[in-house]
Amino acid sequence: MAVARKIRTLLTVNILVFVGIVLFSVYCRLQGRSQELVRIVSGDRRVRSRHAKVGTLGDREAILQRLDHLEEVVYNQLNGLAKPIGLVEGPGGLGQGGLAATLRDDGQEAEGKYEEYGYNAQLSDRISLDRSIPDYRPRKCRQMSYAQDLPQVSVVFIFVNEALSVILRSVHSVVNHTPSQLLKEVILVDDNSDNVELKFNLDQYVNKRYPGLVKIVRNSRREGLIRARLQGWKAATAPVVGFFDAHVEFNTGWAEPALSRIREDRRRIVLPAIDNIKYSTFEVQQYANAAHGYNWGLRCMYIIPPQDWLDRGDESAPIRTPAMIGCSFVVDREYFGDIGLLDPGMEVYGGENVELGMRVWQCGGSMEVLPCSRVAHIERTRKPYNNDIDYYAKRNALRAAEVWMDDFKSHVYMAWNIPMSNPGVDFGDVSERLALRQRLKCRSFKWYLENVYPEMRVYNNTLTYGEVRNSKASAYCLDQGAEDGDRAILYPCHGMSSQLVRYSADGLLQLGPLGSTAFLPDSKCLVDDGTGRMPTLKKCEDVARPTQRLWDFTQSGPIVSRATGRCLEVEMSKDANFGLRLVVQRCSGQKWMIRNWIKHARH
C-alpha cells in the first residue's frame, strides 16, 4: 500500500509539473496574462494541503521540493504584474529579513512622500512585496501544534490614501503566511481615498494576482476607521474576522494560535502581539511582550503584563489585557455582532478600541494579547483624518464614559479638563448603547477596575478640578510649569492638562495631568514648607511633613496652607513671566476660583 501510494503521489506531481510547463509555453506564445497560471498556483496550494499527510517524512519533503519548483516557474511569470506599476515581487531585494534599507537617491521626492504618508513610501516601492521578516515568536511557540479543523478567517484591511506598495505588501504577507485552507478571503476597505493609483492599479493587480481571494469594498464617502471596519465586517463571510491596518506584515504562524484560542472560546477577542516597522527604513524591530492599557483620557498605551503572567515565566502564554491598541484584532464574527460591534456613533477613530475592551470584559467576554501570533506594524509620523482628530478622540472618550464607566466617568472629564455639565462636546445619543448594556446584563465599571485593570489610579476623593484663576489676574491660570521643574507658575489660560488642578477631600492641591496608572507618575502636590515665599511642586509621597501639602480652599475664597496659615497669592514682579509671580504670604484677601465642582459618590 505504501509503495502504491508513493507511486500515485509522484505520478500526480509529475503530471502537475508537465501541465505547468505546457501552460508556461502557451503563456510565452500568447504573451498574455494567462488565468490558467493563476489557477495552477491555486491548485498548487490545494495539492499541498491535500497531500500534507501522505507518505513518510521523506516522501513529503520530496513532494514539497517538486511543488516548490513548479510554484517558482509559475510565480516568475506572475511577478510581471508588479513591474508595470513600479513595484517589486518575489525573493531578494532591499529590506529582506526585515533589515533596514536606504536609497541613494533619497531626496526631495522622498521628503514629499514622508509628508503625504507618514513613512518612506519611496523606499517602500523598492522593497519586495514578498520580503521575509524575522520570526520573533517565543521559542516555545514554534514547537506548538494545532487542531486540523480550525475555523477560517476573513482578513479585513482598512485604508485611506495609503501607499499602494504598503497595501499590497500587507496583502502578500497575509497570503504568504496564512495556510490556504484557513484564509477564506482578504477584504480591502477603501475609505474614499483620493489617490488615483488606489483605484485602477489596485483593482487590476489584485484581480489578476489573487482572483476570487481579494475583495475591494469602496466607501462612497469618508466614514472614518470605525465605520469602515463595520463595512468590512458586513462583507466578511468566514466564521472569524481579523481587522488590521493596511500597513502591516505578518509573521509566520500568526493565524493558527489566534484561531485556536477563539475556537476554544468564541467570546475571546485575540490581539496578535505587535512588532514595529520603522517608518524611515522599514526595519522590523521586536517589541517586548506587553498588555494594552489606557489613561483616563482613554488614550491607549502599552503597559506591563499582569503580575500573574510575569510570575508564570512562560513568554508564549496569552496576556490578559484591559483594552487594545487597535491596529489588529481577531474575533468570532457572530460574537462580534452579538456584543454590538464597534460603536457606530463614534467618529473617525480614537477611543473605540478602549470602549471595546471595557464592553467585552464587562459583558462576559475576554481580551488577550497572544505572543505566538505576531504582526509588524508601521507607526506612522502622520496619520489620515488628522484634522480635528483630538476633538474626535475627546468626543468618543466621553461617549464611552457615559455608557460604560458609571460614576468613574468624572475621571474622563477631569483628564480632558472639561466640565461634566455643558462640556462643549456633542457626543451624540447614547440611548441605544445604554440599552445594549442592559440587554447584555453587563457588570459595573468598578468590577472591571478591580478584576481587569487594577493598575488604574482612582481619584474618587476629588471635590473640584479644572482651571484655577485669581481675582487679581483672571486671564491667567495656575500651571504646573516645566514638567521636570518644581515651580508652579501663572500662565495665560488655555485649558490643557498642564493647567488641570485638582482639590481633594483630603486637602491636596495637585497640578498637572492625571497619573492614571501605576506605570505613570502622578500629578505633583503644591507645597508650602515654610522656608521661603515661593510654593513648590513635589511628588506627594516625598513631602517631609504631610501638613505641608494640605490646603483649605473654598470657591471665591483664599487658598490657605494648613501647615503655615499663609495664603497662596499673586504679586506683581518685573522679573517674573507676564509680570506675575506666585507667592505664599500673609493673607491679603485675594480670591481664587476653580472651574468645576463635582459631587463624588464613595465606592
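Heads up, residue numbers simply count up from 1 along the chain you see.
From the backbone N, Cα and C atoms, a Cβ is placed for every residue, glycine too.
Swiss-Prot lists 1-6 with the feature topological domain 'Cytoplasmic', giving sequence analysis as the kind of evidence. Averaged across the topological domain 'Cytoplasmic' (1-6), the predicted model reaches a pLDDT of 41.
Taken from Swiss-Prot, the feature transmembrane segment applies to 7-29.
What Swiss-Prot records for 30-603 is topological domain 'Lumenal'.
Note: CYS372 (disulfide bond) has non-local neighbours ARG137, PRO138, CYS141, MET144, GLY253, PRO257, SER316, i.e. same-chain residues 6+ apart with C-beta under 8 A of its own C-beta. If you look up Swiss-Prot, you'll see CYS141-CYS372 (among others) marked as disulfide bond, on the strength of sequence analysis.
Swiss-Prot lists 150-261 with the feature region 'Catalytic subdomain A'.
Residues annotated as substrate binding site in Swiss-Prot: ASP191, ARG222, ARG380, TYR385. Counting Cβ atoms from all protein chains shown, TYR385 (substrate binding site) has 17 others lying within 10 Å of its own Cβ.
Residues or ranges marked as Mn(2+) binding site in Swiss-Prot: ASP245, HIS247, HIS377. Listed in sequence order, ASP245, HIS247, VAL248, ILE274, ASP275, ASN276, ILE277, CYS327, SER328 are the same-chain residues at least 6 apart in sequence whose CB falls under 8 Å from the CB of HIS377 (Mn(2+) binding site).
Counting residue by residue with DSSP, the region 'Catalytic subdomain B' (318-380) contains 17 helix, 20 strand, 26 coil. Look at Swiss-Prot and you will find 318-380 tagged as region 'Catalytic subdomain B'.
Annotation comment: Swiss-Prot describes CYS363-CYS442 (among others) as disulfide bond. All protein chains considered, the CB of CYS363 (disulfide bond) has 19 other CB atoms within 10 Å.
If you look up Swiss-Prot, you'll see ASN460 marked as N-linked glycosylation site, on the strength of sequence analysis.
Summarising the annotation, Swiss-Prot assigns domain 'Ricin B-type lectin' to 464-600 and lists sequence analysis as the type of evidence.
Secondary structure at CYS477 (disulfide bond), taken from DSSP and collapsed to helix, strand or coil, is strand. What Swiss-Prot records for CYS477-CYS493 (among others) is disulfide bond, and it gives sequence analysis as the kind of evidence.
Residues annotated as disulfide bond in Swiss-Prot: CYS525-CYS540 (among others). The Cβ of CYS525 (disulfide bond) has 23 neighbouring Cβ atoms from other residues within 10 Å, across all protein chains displayed. In the three-state DSSP classification, CYS525 (disulfide bond) falls within a strand.
Positions annotated as disulfide bond by Swiss-Prot, on the basis of sequence analysis: CYS567-CYS587 (among others). Long-range C-beta contacts of CYS587 (disulfide bond), restricted to its own chain and to partners at least six residues apart, with a cutoff below 8 Å, comprise PRO558, VAL560, ARG566, CYS567, GLU569. CYS587 (disulfide bond) carries neither a helix nor a strand DSSP state and counts as coil.
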DSSP-derived class (H/G/I helix, E/B strand, else coil) of CYS540 (disulfide bond): helix
Rounded Cα separation (Å) that holds between CYS363 (disulfide bond) and ASP191 (substrate binding site): 30
Whole-number Å value for how far ARG380 (substrate binding site) lies from CYS525 (disulfide bond) (Cα to Cα): 36
Entry from the disulfide-bonded residues list CYS493, CYS567 having the most other CB atoms no farther than 10 A: CYS567
Secondary structure content of the region 'Catalytic subdomain A' (150-261), with strand meaning DSSP E or B: 44 helix, 29 strand, 39 coil
Recorded substrate binding residues, ASP191, ARG222, ARG380, TYR385 - maximal Cα separation rounded to whole Å: 20
Per DSSP, three-state class assigned to CYS567 (disulfide bond): strand
